[in-house]
Amino acid sequence: MVNKKIETPQKQETIVQESGSDKPKQLENVGGQAVLEGVMMRGSHYWAVAVRNPNGEIILKDHPIKSAVSKFNFLKLPLLRGVTALIENLVIGFKALNFSAGVSVGEDEKPLSPWHMAISFGISMLLVVVLFMAIPFFTTRLAKSMVQNKVLFTMIEGFIRISIFIGYVYLISLLKDIRRVFQYHGAEHKVVNAFENKEPLNQKSASKYSTIHVRCGTNFVIIVFIIAVVLFSFLPVTDFYLRIAGKILFAPIIAGVAYEIIRRASKTRSRFIKVIIKPGLWLQKLTTKEPDDAQVEVALASLERVLELEKNYAEENRANSK
């Protein structure tokens, strides 16, 4: 048995014993994200993050999900739900990552203010513009005399963009700390795969599953790149600033379409969808690594906490409806 500390949003901590043998109940949506020395899992109404501290303890923290979709029904419409989900997942991801940054080195969590999140998001967007917009555009423009066709220009630009992304992922995968994050990414996928196949949530069941998952964020990014190449092939603009403006303008649409494809990927037999998600599945060979047993244990702890909270939520709703 391994003791786990559970930290609630109110900073209360209790000690619980590891279970991991109950048959899981299927939720409509289960997703996750690797963080520093841990894994974040989310259900329909709650998310939880489990992080192993330097003492070997698993620290758990959970939060309710206050989704805008539950307040505004129009956000459930195709495309809009994808944009909403992306924004909400980014916010949850920032919070989970901030929590893990402290726990993984044995420090207290530092409060994450809206300003911190805004600055972090701004820096991230600047890097995205430079790496995946400016560099591909100006690199392609160097060969403008040889590339007169606008469609070909966009395709070459897109190819360079994807190449930069793959190269970036490969280079950071060589770093020890990032490699461990990729191992936790693999642990997250193994546990989610076991859950979705209705296996008992334990080490033995999870370990036999693949580190690849169709609804991975890696798939989402690659699909966004592919859709962007197709869409901007029809954009008759070669001016850099106008193209940047166009990409920002169409970004929500592209994200919405990519979300719908990912959402259907595990439920459809469509050859089109199976083909378009293939590159993302291949790239997961880089963004996920085979985890060790201790890392799988952390992912299990996170999902078990989410399942417990979702079960309590459902029981409370049933009791209140009587």
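Easy rule for this one: first residue shown is 1, then count along the chain.
A Cβ is built for glycine as well, from the same backbone N, Cα and C atoms used for every other residue.
Among the features that TrEMBL reports, compositional bias 'Basic and acidic residues' is placed at 1-10. Residues annotated as region 'Disordered' in TrEMBL: 1-27. Residues or ranges marked as transmembrane segment in TrEMBL: 118-139, 151-171, 212-234, 240-262.
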Within-chain partners of the transmembrane segment (240-262) [C-beta distance under 8 Å, separation at least 6 from its ends]: 78-83, 85-86, 129, 133-134, 137-138, 141, 214-215, 219-220, 223-224, 227-228, 231-232, 273, 276-277
Cβ contacts under 8 Å made by the transmembrane segment (212-234) with residues that lie 6+ beyond its boundaries: 31, 33, 150-151, 154-155, 157-158, 161-162, 165, 189, 192-193, 243, 246-247, 250, 254-255, 257-259, 261-263, 265-266, 276-277, 279-281, 283-285, 287-288
